[in-house]
Amino acid sequence: MRQLLPGDTVWRNIRLATMDPQQQALYGLVDNQALIVREGHICDIVPETQLPVSGDNIHDMQGRLVTPGLIDCHTHLVFAGNRAAEWEQRLNGASYQHISAQGGGINATVSATRACAEETLYLLARERMMRLASEGVTLLEIKSGYGLELATEEKLLRVAAKLAAENAIDISPTLLAAHATPAEYRDDPDGYITLVCETMIPQLWQKGLFDAVDLFCESVGFNVAQSERVLQTAKALGIPVKGHVEQLSLLGGAQLVSRYQGLSADHIEYLDEVGVAAMRDGGTVGVLLPGAFYFLRETQRPPVELLRRYQVPVAVASDFNPGTSPFCSLHLAMNMACVQFGLTPEEAWAGVTRHAARALGRQATHGQIRAGYRADFVVWDAEQPVEIVYEPGRNPLYQRVYRGQIS
């Protein structure tokens with residue numbers, strides 16, 4: 001009989017989907033297991049017959065499914081306003097590029113966000129965060145990018161820090177100052193990139209407000225040369241990088257980000273084989289964002305088969321934002337990734353667990369159920385992981401465990 005230490009907590013009688021790639025079973029499934037949690041981490045995984053049937057801090061899950069906590073590795077959670085009117089325009093034939101050229105798109109949200117009080121932004125973002133938590137999310141990336149000026153970018157990152165301080169969910173904050181050219185720099189995008197590189201990145205990094213730098217390398221964003229200035233600035237300071245790339249066209253953004261050992265290349269609908277090979281060589285995760293593909297009614301799908309062939313890890317994220325993916329649901333993103341992009345349900349699960357952790361640089365502590373990893377996991381009223389992907393309108397979450405505590 002396994003001896004427990006004072007303070008240990010046990011979840012027994014579980015069907016465990018570890019998402020550990022070293023296990024041969026689909027999803028890393030193993031039955032009749034018990035998790036021993038100690039000081040917020042998984043201490044051990046043992047057959048339940050090795051543990052007492054009952055006792056203090058022993059939870060009998062009656063055969064329920066347990067998976068790692070979900071990870072949403074790409075969101076734009078902090079913003080004000082909505083862009084419902086633009087959506088209606090698009091349904092009436094206007095393109096995303098046309099709307100952006102008319103002052104809509106990202107800049108419309110920038111105006112609303114700049115005008116919004118920090119406390120209001122916090123309350124809006126907190127409600128969104130808790131919606132994701134209710135689906136089993138335990139680690140969440142939050143990008144800035146709706147300020148496009150130093151003061152408001154800092155305000156957005158302070159909101160992310162305040163959310164993190166609640167200890168309800170892990171937050172990975174990302175500086176996305178190079179999201180779009182603000183109206184006041186419309187005729188001088190290079191001047192805006194200078195502001196980003198010489199002021200925003202170093203000052204906000206010094207304040208410890210973000211973990212990584214992101215950018216939007218696209219025909220309606222920044223060109224390759226401008227994007228590289230951002231990457232060079234970040235890497236000179238030792239800051240991890242990532243990029244929104246190849247969403248609407250093939251510019252070579254994935255190759256660029258991979259050359260700087262980017263954590264991830266996101267969207268990647270127009271990615272080609274050269275870019276896929278560069279991602280493999282750079283250790284860069286491909287992040288699929290099916291919500292934006294669906295909402296923009298795009299037709300160019302990411303090259304999933306190429307990513308498989310080159311063994312590039314593929315993550316899946318909600319891309320929750322007001323303009324192109326107003327879906328605050330990682331379950332829905334998993335379903336869309338399967339239906340629209342052809343992922344298998346197991347690939348979708350890997351995409352919101354171990355591969356999503358890698359996209360945030362957290363692969364040594366998050367995204368799998370293994371001894372030594374964080375005790376972030378979800379108990380489901382389900383028999384198989386595929387059920388969560390199959391029926392996104394139903395949430396079978398039974399219990400969410402964060403840092404070893406039921407939350």
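Here the Cβ of each residue, glycine as well, is placed from N, Cα and C on the backbone.
Matching ARG83, ARG374, ARG394, ARG400 to the 4-imidazolone-5-propanoate binding residues that Swiss-Prot gives (TYR146, HIS179, GLN247, THR324) identifies ARG83. GLY323 (N-formimidoyl-L-glutamate binding site) sits 11 Å from TYR146 (4-imidazolone-5-propanoate binding site), counting Cα to Cα.
Across the structure, TYR146 (4-imidazolone-5-propanoate binding site) and HIS76 (Zn(2+) binding site) place their CA atoms 9 angstrom apart.
Summary for the binding-site residues GLN247, ASN321, THR324: the Cβ-based neighbour count within 10 Å is maximal at GLN247. When the binding-site residues ARG83, HIS179, GLN247, ASN321 are screened for a C-alpha within 10 angstroms of the C-alpha of HIS76 (Zn(2+) binding site), the residues that qualify, in sequence order, are ASN321. Sequence-distant contacts of ARG83 (4-imidazolone-5-propanoate binding site), defined by Cβ-Cβ distance under 8 angstroms and a gap of at least six in the same chain, are GLY104, GLY105, ALA108, THR109, PRO322, GLY323, PRO326.
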